[in-house]
Amino acid sequence: MIRFLRDGPAEEYREHVLFAMTWLIRAGVFAAAGVGVFLQSSLDPVALPVAVTVYVLCGVLMVGWAVLERRHTAGRRAVPVVLGVITVLSCVVSAQSGIMWMAGLAVVTVIAAAADPRLAVGWTVFAAGAIAVTATSLLTRSAGHAALEIMLMLAVGLLAGLNRRSYRVRAEQNAVLLAQAGELRAQQERGAVLDERTRIAREIHDVLAHSLGALSIQIQTARALLAEPLDTATRPDPIRPAPMPYSRWHIGWPPKGCRRPGVPYTPCDPAPGR
């Protein structure tokens, strides 16, 4: 159940919504940077084409960034490189011309890099942007406060990305713990089912053992009766009762005092043939 909630349609819908909202914010920052580039009146004829070229190149790189984010792990490996290039280009233009909205693009890329599970990615992109700002300020002899502002913006973006990374790591750890708890609960349920089946099988075994024991006793008794020699001539008939012993009282022999004098008495055998 937990795995379905984590990998099911609800989680996929949430990822789509989060991806759309994130890129809506990034597109808004990119549009604001375009307004700053094209409506900046203080740019000279040399700085304006450079700013426009860098702006268009950053737009193309951001499109590639969005495509790579929707791919699998193999495609996401190139995302840090794209983030580093966008950061360096936007920091150079921002430090040279003073367009702070271009520095906003660098802040967006630093946040995304710092939110990467690999901690070195965020620090590397931040260092690349800081080096680009410092080098551009030294080469163009621009105002130092502008470079300091850009550095502070990059630092804020780095902190925001690290906070987002820590939140994501905790969420992944909680998801893993929930999955482990679900698997443990499922194993406990399977163990309880197996114990119940074992108990039922043991009871059935005991009943069968008692039944087979009684049946074996009856079989042994029947074999013992069949093995005994029995004469059919002398076997008593269980249906007909045994005859009474043959005696004078059964053949009608009257007592001596009951005989009639002078009359011979012929005994009558009530059981002929005996």
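The backbone N, Cα and C atoms fix where each Cβ goes, and this holds for glycine too.
Here's what TrEMBL has on this protein:
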- 21-40: transmembrane segment (TRANSMEM)
- 46-68: transmembrane segment (TRANSMEM)
- 80-113: transmembrane segment (TRANSMEM)
- 119-139: transmembrane segment (TRANSMEM)
- 146-162: transmembrane segment (TRANSMEM)
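The stretch from 21-40, 46-68, 80-113, 146-162 that makes the most Cβ contacts under 8 Å with the transmembrane segment (119-139) is 80-113. Outside the transmembrane segment (21-40), and at least 6 residues removed from its termini, the chain residues within Cβ reach (under 8 Å) are 48, 51-52, 55, 58-59, 62, 66, 90, 93, 97, 99-102, 104-105, 108. Beyond the ends of the transmembrane segment (80-113), by six or more residues, the same chain brings 25-26, 29-30, 32-33, 35-37, 40, 42-43, 47, 50-51, 54-55, 57-58, 61-62, 64-65, 68, 121-122, 124-126, 128-129, 132-133, 136-137, 140, 142-143, 146-147, 149-150, 153-154, 156-158, 160-161, 164 to within a C-beta distance below 8 angstroms of the stretch.
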